[in-house]
Amino acid sequence: MNKKTINDLQVEGKRVFTRVDFNVPLKDGEITDDTRIRAALPTIEQLTAQGAKVILASHLGRPKGTVVEELRLDPVADRLSDLLGKEVLKTDQVYGEEVDQAISELENGGVLLIENVRFEAGEEKNDPELVEAFANMADLYVNDAFGAAHRAHASTTGVAEKLPAAAGKLMEKEIEALGNALENPERPFTAIVGGAKVKDKISVIDNLLDKVDNLIIGGGLAYTFIKAQGHEIGKSLLEEDKIDLAKEFMNKAKEKGVNFVLPVDAIVADDFSEEANTKIVDIDKIPSDWEALDIGTKTREKYSSIVKDSKLVIWNGPMGVFELNAFAGGTKAVAEALASTEGYSIIGGGDSAAAVEKFGLAEEMDHVSTGGGASLEFMEGKVLPGLAALNDK
């Protein structure tokens, strides 16, 4: 990675404004999954061990520039205190007198968490006044929030332009895993793209077709491709306006010598529910009033065998409606294939990360990305503003 990292900074006695991604799921004020907090620990622990005064900033949810009591970061501060084994101070303001006072009292190795940065309308607008307030709090800037790296906000890009700015350990790990995969892949290189809609994955599919040996398609978006092949798909998800594009992608794959792999059978249901009647049918035999909600058993075997023969696999998007157990089998089969492959497995955040967590397979993967939108944009070949704003080595 050609950006400065925390290893390039002298942090002892310095105030370090550290953008983290603590956007964790909450239920009744309790954190239900602390993965993102744990992911930031290596950076926080290195900074505190080296005697920095660590000022942590994060968003939580979408308060849209106003104070939403349920989205305060107090539960996060409590959980972080437990994980670090030391007190984490927390302010009720994002900036202002209370924050200035807390920072002035912070000791070397101390940790302070400021309030949810999205309580300020200026955060998402990258407002110069808020940027100035953040910059005045600190001597150095560290971005460890890969999950927010695709946002050009005050705490991700604005302040990075005002202070010496470096990547944290998680940011570095994410960029190296995804960057090496896309720039210098071991082959055979397989990408699996799932999810509901073609329109959300157009740029990803287009960019990956220039890089991969196998492109496996699953999830709702597969049925627009099946339709483009001339098959009837019943009531399955269809984007009429993307049929021509689907044909273009299949032609591009042919020209590039990419093995473009679509489902050969599907689990169809007579209703979108857990209680629906279901059956497995070949892909060209979907009944007119049924819809396909998961890949079938032959498809699972086919996809699994391609994964097992690959040296590198990137996966983004589920194979079916995995939130309903009746239609989770395809996603689970792919997750199990990735867990058991000898090749390097990368899970591209979002629903795929949620799926491998659900099936208890996250530990078996080589890299599970913490950023859904950010990893998607990185896979599209886009420049991430939060990364671009950091100092070059």
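The backbone N, Cα and C atoms fix where each Cβ goes, glycine too.
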Write down the one residue from R36, R38 that Swiss-Prot lists together with D21, F22, N23, H59, L60, G61, R62, R118, R151 as binding substrate. R36
Do you know which of E176, E183, E323 Swiss-Prot groups with K201, G349, G350, D351, S352 in the ATP site? E323
If one looks at the chain holding G61 (substrate binding site), which residues at least 6 apart in sequence have a CB under 8 angstroms from its CB? N23, V68, L71, N116, R118
Distance [Cα-Cα, Å, rounded] between G350 (ATP binding site) and D21 (substrate binding site): 14
Between the binding-site residues D21, E323, D351, whose Cβ has more other Cβ atoms within 10 Å than any of the rest? D21
Among the binding-site residues G349, G350, which residue has its Cβ surrounded by the fewest other Cβ atoms within 10 Å? G350
For the binding-site residues listed here (N23, S352), which one has the lowest count of neighbouring CB atoms within 10 Å of its own CB? N23
Let me make sure I understand the span of the ATP site: among K201, E323, G349, G350, D351, S352, what is the greatest distance between any two Cα atoms, in Å? 20
